[in-house]
Amino acid sequence: MSSGGVPSAAATSSSQCCGQHGSRGHSARRAPPLAIHEQEVGVADTLQLEPLTEEAFVANLQQRFKRDLIYTSAGDVLVSVNPYKKLALYSLDVVEAYRNRPILSHLPPHIFALADKAHWNLRERNEEQCVVVSGESGSGKTEAARIVLQYVTVAGSGPSGAQQDPALAPIKLIRDRLLQAGPLLEAFGNAKTHKNDNSSRFGKYLDVEFDFKGDPVGGTFTSYLLEKSRVTRQLAGERNFHIFYQLLTGADIQLLKSLKLHRNIDNYAFLRPSRPLSMETIDDKRDFQVTKKALETLGFSAEDVVQIFKVVASVLKLGNIGFTPTSNIDGTEGCTVTNDYELFEVCGLLGTNPMELTSALTQRTILAGPVLDSPSTNPAPPPPPPSCGSLRGVKSGGCSSSAAGTPPSFVPSSSMSSTASRDVYEVCEMLQHSTLARLTLADERGSTSTAGELVVADLSASEATASRDILCRALYSRLFAWLVKQVNDATRVRKYGKRKVLGILDIYGFEVFEQNGFEQFIINFCNEKLQQAVADCTLRQRQEEMLREGIEWTPVDFFNNTPVCELIEKNNHGILAVLDEESQRGGPGGDESFLARLCHTCGSSAYFETRNCAPHSAPSDLPCNTSVPPNCFRLRHYAGTVTYGVTGFVDKNNDTLPLDLSLAMFRCEHPLLKNLFPEGNPKRTTLKRAASAGTQFKISVGALMGNLQSKTPHFVRCIKPNELKQPRIFENALVQHQVRYLCLVQTIKVRKSSFAHSESYESFLHRYKMLSPHTWPSWRGSAVEGASYLLRDLPLSSPHFAFGRTRIFVRGERTVAELEEFRRQRLEDLAALVQKMWRGYRCRQRYILMRQSQIVIASAWRSWREWQIGKTRLFKGKKNLFCLYRVAREEYRELKRRKQIEWAVQVIQTHYLQWRRRQFLQRLCVSLPSESPMCREWPAAAKRLSDTSLLLRRIHHKWRCHKYRLKFDQTARNRMREKVTASIIFRDRKASYPRSVSHPFLGDYVRLRQNVQWKKICVETNDQYVVFADIINKITRSSGKFVPILFVLSTSSMLILDQRTLQIKYRVPAADIYRLSLSPYLDDVAIFHIKAVSLSIEFIFFFL
């Protein structure tokens, strides 16, 4: 169906690609067709490319492209070059080669390898994944996304032949529906453009949900802003949506007759511009059968299919309706339908009255203004929505004014029907006017309406044509949205439970045409946001993570397009905000006013320029920027500069449908239209104005980016090799431009210098803990220490790993693969161990049961045999002896039973005691006291377990003391050492010791070390290291009074100084102090005994 895709038809045909769902088991399997990769061309993994430059990278792509090697690995990104031809790279054998490959195998880069990695991470790591396909329009994104979907839907299936299992029928049905949804949405949402024969004119994001086995169980499609303006207008050389051509070319005669259509494309105004276009890559007749099959697979009935085609046919027929200008009696301009037969056929298809549809297309109901004569208690009616025909200048539709500057008067059409009158009154009911009784239509006498009335104004021929186009676009876009909803209903997950999601994003490609409008602006804004997300993930976040984790890193510069995104989406000051304000303001000249406000708001940006606003870097004396055409503005996007014409921006952003058309569509008997136009229901009272198209798209894109950031991404960067869409042509300048703005070289540099995988220590230890006897089955220490022990026990060299602050980094993908292989082998060993233990347990239980049965049978048989022998031989004629035998047997059995009871009591008692011990230990585990060494609490224990409880209490106390000590730094260790020494000396010997335990020993209590005078003195006396310094009381020998002095104890001497002048009164070397005496009571008296030359001297101090 496409030529813009990666392998175009090769991926479309279900018999040649992985989308086929037949049996994959072959009696004689062929070798995978990978012979083209046996002799590697160029460098498959550009991490090994030397030198790493743009020129070398492009040359490597070209070299591989010439040999049909379209896939190249660029670090974590897969680069795909569109071949514009079929390639034998997507058969089921290739699928099996990548699906069943060993972890450490080396296969060439392929989109299957990327899809398999995403599916493997989803299944094995239980992490949600997403595949982001990006690139220019025509680079093959749609086909790449389709191939990924085809692979992941079959990758989770069981072994060959398992698909015939009836239990897998629901999975096969979901898989078929997910695959068939793509061709259906492409038929209604894709079209030929200058860049691409199968260009997606809408954004698509698919969430595929998988069960624990990796099989798909459902999916959800999300569409983004269909380019509905293409329904009524296409550029020269482009086509309308595929479904129109498919329907006219592929439908049979009976279907075309029921739809009132003809095969000739020239008969339809919406298709005439594309009439001469013929493409070898698209077969509309064949694609129509694919579309019909997709509708049937997705559960649409034959009647539903016909109703869908009726809406499509109605759009084509509406495009043929023309209008002839007429003049009303009052001189205003009106119009009439030129070709009534087309109108009648449309009404037949939609099931509506031709008069109602004519009135809706050629007239408009307008609210004249506030009710002037209404009571003050009644609120004034709200202003009309933009779709109700805002007054523009002197004339609007069939309305005219007598003079310039005077309010226009509304004169009803002379041909107003009773149906139009009923329309107006139903609109009044919808608007809930309090003055409904006073709102009347102008009668046939030609009197003008008063303020506050609803009037019907005739439309001119041009305005009726615009109204017809609005209806066509609304019909088609709402039909497309309804199809997406029905597809989601068909693929919705039916069962509740834990599921994992793999997202596939296929969004519009970046577009630059000769004439770029609102649609290109929205598409390129989406690409800006996607480029920002990809750059954040592959470049910014990875570099920030390396710096944050303390890994040595040299930053790699890249183009940051965040300013461009902010210029477009910034609240109150962005382009979209200015567009919304202008759309709400309404009035004539909206596009010109929008451009003027843009120049005022965004003119200072270096990424924005208009004709009246020169570039940011241009000289300020330039009168205007003549390089920008009139009524245009230019943005500097990440992929290049684009000039946008503002014509139609405000109207397309408003995206409103007149209520007359909504009412007419809702009244149609067609079963779909009541769902497509719910606002046309007269009973509906809510007329809240919907958000603008730009705002809705901004919100949708923001939600999409948040969704992508919550998953593990995998990127496919699609490259367009030439503008001619021809195979074997490689334009170096074009490819180099794409490589540059996609930041591929920077991505490779970052990946080459960084690590392939990073993971938190906790997660890493949890996943690989079975690989080390130190960490299996559980690890009690810190996660960093556990990871270190784990890696020591593995045969991997240390340069392959790096330890960050909170994460561990693995250098290469091969190292990650080796870890996974080790884990797989270990899990197989553990599974074998579990199986062995379970089988042994089952066999032992069976043996015990058989042994007990044998004992019972043998005992009964022996009893029977003894009875028979005794009866016939031993006790014949000796009844008394036989009775004694019977009594002895009964006593023996009773004795045996008592022994069994005693044994059972012992067993029960043993198990009960074990249960009590387990209960004690389990209760102790959850009720352990605080980890503070000062805590004296301990759970009570049974008397029998008192010794055990005491032993556990001591062990627990030692453990928490050990943990308490581990928290100390060197200062705290020294302080604790001092406390322990003081405890050894003073505990139970000094009455004041307990109250001093909680106070840390400071030593220098008077901050003597900071004193300038002391610094000079200590240098002279060699007393720099002060151990203790404080103001104390010295007891004099003569009078016994207290004298306050400064007492200093250094490592070399004891000093007594004057506390004011710091004059040294005594200095005693430490070697002369031979004893220190203290009182055991609560006093603070200390006696220092020192040696003198002739006698001993004692100093008695009283410490405050």
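Positions of Cβ are set from backbone N, Cα and C atoms, glycine also.
Noted in TrEMBL for the protein shown:
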BINDING   GLY135, GLU136, SER137, GLY138, SER139, GLY140, LYS141, THR142  ATP binding site
DOMAIN    41-824  domain 'Myosin motor'
REGION    1-30  region 'Disordered'
REGION    370-415  region 'Disordered'
REGION    701-723  region 'Actin-binding'
Quiz prompt | For the region 'Actin-binding' (701-723), residues assigned helix / strand / coil by DSSP | solution = 9 helix, 8 strand, 6 coil
Self-check item: Average pLDDT across the domain 'Myosin motor' (41-824), rounded to a whole number
Solution: 82
Practice problem: Using the structure shown, find which entry in SER137, SER139, THR142 (the binding-site residues) has the sparsest Cβ neighbourhood within 10 Å. | Solution: SER137
Quiz item: Considering the binding-site residues GLU136, GLY138, LYS141, which residue's Cβ sits among the greatest number of other Cβ atoms within 10 Å?
Solution: LYS141
Quiz item: Of GLY135, GLY140, the binding-site residues given in the record, which has the fewest other CB atoms within 10 A of its CB?
Solution: GLY135
